[in-house]
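*Asks:* Okay, these came from Swiss-Prot:
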COMPBIAS  94-103  compositional bias 'Pro residues'
COMPBIAS  212-223  compositional bias 'Basic and acidic residues'
COMPBIAS  233-242  compositional bias 'Acidic residues'
REGION    89-110  region 'Disordered'
REGION    209-242  region 'Disordered'
Amino acid sequence: MALPLPPGLTPPEIAFLCEMELVTVIPRQRLEGLELLGGRIKPLNPPHRTNVPLWLALLLKRQRRANILPPPWLNSHSLTAILDHEIDHDETFSPPPRLPPQPSANTLPTSPPFLSDNTADAAPDALPYHWLEIGEMLLEAASDDFEDPDNVRKLLRGLREVRMAKLRSGVEVLDAGGGVKMNGVGGMEVGEGRAFVTGVIDGLRKIAASREQQRRDRDREELENGYSGTAADYDDDEMDMQ
């Protein structure tokens, strides 16, 4: 008998979707354009930069046909500034990249993976939705394209720990009817924290249901014992009669 699938996307599935994100490559040799489901890939002409899906960039890197240009936010200086922001603001996450302006009212807004949040034109001070997956994949496959890969890896690890601790602390203070602001949370963070968050919410629901059942039992016992109201209710009735 097959076990039931967990709710939501698993971390491997999130990483798979991340491979559709656009990154910038510097080709080493000329390659013809490709017609893909996500759109047409322009011909690669060295040394001109080109934006391609992450999966294609990783393939070209393994074949030594291109180098990958890390996005501006994925360097030591930018990650240090973002980490300082995360530490200084313990109740909010660093703001995500701004969405591009909508061309017209008749067109749909652009969304991942068709944004330039991980290309060479990305903002240097904002973490995109797939920041953790992008960073780990690029460091694993193209560490030689980074100026200081060890420090970048260390900063990514620090960012992950600080943000996950912030996510847990925000969920722990919830009550049955409360909420937590999660603007700026990344895809892998949602996937990894889903079990913890759902566990806390389920616990709050059980506590609320138990309290409601206790209240109903107390009301039923009071009715069975001939309870006719509190002193405050008696005073209110007396004032109405006057």
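Quick reminder: no glycine exception, Cβ is built from N, Cα and C everywhere.
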*Asks:* Based on DSSP, tally up the residues of the compositional bias 'Pro residues' (94-103) by helix, strand and coil.
*Replies:* 0 helix, 0 strand, 10 coil
*Asks:* Mind checking which residues reach the compositional bias 'Pro residues' (94-103)? Cβ under 8 Å, same chain, six or more beyond either end.
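*Replies:* Distal contacts: 82, 85-86, 109-110, 115, 117, 122-123, 126-129, 183-184.
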*Asks:* How many helix, strand and coil residues does the compositional bias 'Basic and acidic residues' (212-223) contain under DSSP?
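*Replies:* The counts are 12 helix, 0 strand, 0 coil.
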